[in-house]
Structure formats: C-alpha cells, structure tokens
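The following features are taken from Swiss-Prot:
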type     : residues                        : note
BINDING  : 30-37, 149-152, VAL178, 186-189 : ATP binding site
ACT_SITE : HIS37                           : active site, proton donor
BINDING  : GLN61, GLN155                   : (R)-pantoate binding site
BINDING  : GLN61                           : beta-alanine binding site
Amino acid sequence: MNTVKTVRELRAAVARARSEGKRIGFVPTMGNLHSGHIALITKATQRVDFVVASIFVNPLQFGAGEDLDKYPRTLAADQEKLLEAGCDLLFAPTVEEMYPDGMAGQTRVSVPQLSEGLCGASRPGHFEGVATVVSKLFNMVQPDLAIFGQKDFQQLAVIRALVHDLNMPIQIIGEPTVRAADGLALSSRNGFLSEEERAVAPVVYRTLSSIAESIKQGERDFPALIQAQRQQLEAAGLRPDYLEIRHALTLRPATAEDRDLVILVAAFLGTTRLIDNLHLNLDTPA
C-alpha cells in the first residue's frame, strides 16, 4: 500500500491503476479507524480491483465548540490496519493541501432539505462541510464506486443526493452498521466514553430496537412512542438531542401510513455525542 499526501500524487497513482484496466473503489474516512471502517475496506476489495482510502479530519464540517482539536489522529496505526485489510492507496492530505486558498472563500456545496433537521439542526453547516469535502475528494479520486457506513444515515442520504443531482458517475454503497457485542454502534468517538459511560451506552441501540418492535407489533402513535422512549434514555442518564421516526428515503417525518421507516437518535452521554439509527421496512419479511 502506498501513502500519498498531495492531489498530484493521488491522481498519478489512480491514473496508473486505470491504465491497467482496474476499477477504482473509494472509502473516505477521518481516521482513528475501527472495525466498522475496515468492513468498508473489505467490501471495497470484493467489488473493485484498486481500493483508495482517505484520511482527512475536515475542519469545514466541525462547528464552534465541537471536538475538532481532540479528534484522534492515529495515522501510523491506521496505515497498518488499511494495509492488512487490502487497501491499495491511502490519501492523507494536510488541511493546506485540501484548502490551499484557505476555507473562508472556499466554494461550498449544499444539499438542501436532506441536510435540514436531525444532525443538521444541532450542527449548523455540518453537512455543507461534508458535501463540500466529499465533492472535492470525488473529483480528486474519480472512483467507480464509493462506500459509506449506514451509521451516519443522514450523511449517506446527503451524499446519494449530491451524486445524483450533480450527475457524478459514481455508485454509492451503504454498508450496515458494525456493532459491538452489546449493540453499541462502533464509532471513533466511543473512545471518549468513560468506563461507566461505556456500560450505559448500549441503551441507545436498545431504545431503537424497542421502538422498531413496537412498530412491528402495530403501534402507529409515533409521537407517544417517541416520548416514552425518550424518557427511557433520560432515565438512563443520556441527554437526547433528537429521537425521531422518519421516512427512510426522503427523511421527512414519518406518517402512520409509511412502510419504509428509519428510527434515528442522537444523544449526549457525558460530553460525548452518540448517534445511531435502525432501518425498518415493514414490507420486507423479518
């Protein structure tokens, strides 16, 4: 596996692979890799001939007071994991390489509607930052396909819309969330949890599962269901940012008639913000 730090080196390496007739797969990350990230790399190796990963902690998607400065940087360990997983090329640029003219005047990419509400409400500008950096990375790599985790469900919806609306010839694949044995979704931010908080954290997924089970059993009073489960989160010591049932494709608030649903949650446990979701299609046999 080669590691490159400049756009010029990246494009040269990808061009060589293309000249050999290889299909290109891309997995963008912010580093501090865990088993969830590695599952994306593994999936890519099964689908394409040449796998590119990126590690870039993107300042444009962090708001004031968020954890940009303390976000873990673990490049050497990440390189070892990527190599073992079969990654062919790692792009690990600096902020200056990604934004050579600074960020203040940087052209921004915005995906309206899908970026609003949920994480977009509590993290203003976040999805604009995501859409902008992903657009830049897609233009740099020009992959045949790109793979993202479904844990960031709203982000995945934004990226699908971005690719569709801007006519990018890239197949977007969403991979199921990888979980610990107790159900907690794997996340780079889980490392911020204390031992006591980590013991409490699985209640997030249990809450989603409980809501899904109630819906499967015929419950359609979504506001009452959400209110009861929100209280359960609070009783466990979490501070819910949101807990909502949405239509899985449009992300609009779900109605009792909808069949393709996603239950989404964001909640603070101590100072750590945890997000998770559970996709529930009532027309798909269990």
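Positions of Cβ are set from backbone N, Cα and C atoms, glycine also.
What you are looking at is a predicted structure, and each value in this text was computed from that prediction instead of being measured.
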Within the same chain, the residues at least 6 apart in sequence whose Cβ is under 8 angstroms from that of VAL178 (ATP binding site) are HIS34, SER35, GLY36, ALA39, GLY149, ALA185, LEU186
GLN155 ((R)-pantoate binding site) and MET30 (ATP binding site), compared by Cα position, are separated in whole Å by 14
If you measure between the CA atoms of SER188 (ATP binding site) and GLN61 ((R)-pantoate binding site) and round to the nearest Å, you get 16
For GLN61 ((R)-pantoate binding site), the closest of the recorded positions by C-alpha position, picking from MET30, LEU33, HIS37, GLN150, is MET30
GLY36 (ATP binding site) -> DSSP, reduced to three states, gives helix
Whole-number Å distance separating the Cα atoms of GLN150 (ATP binding site) and the residue listed as 'active site, proton donor' is 11
For the binding-site residues listed (MET30, LEU33), most other Cβ atoms within 10 Å of the Cβ sits at LEU33
Cβ neighbour count (10 Å, all chains) around GLN61 ((R)-pantoate binding site) is 21
Ordered by sequence, the long-range same-chain Cβ contacts of HIS37 (active site, proton donor) under 8 Å (at least 6 apart) are VAL27, THR29, LYS81, GLY149
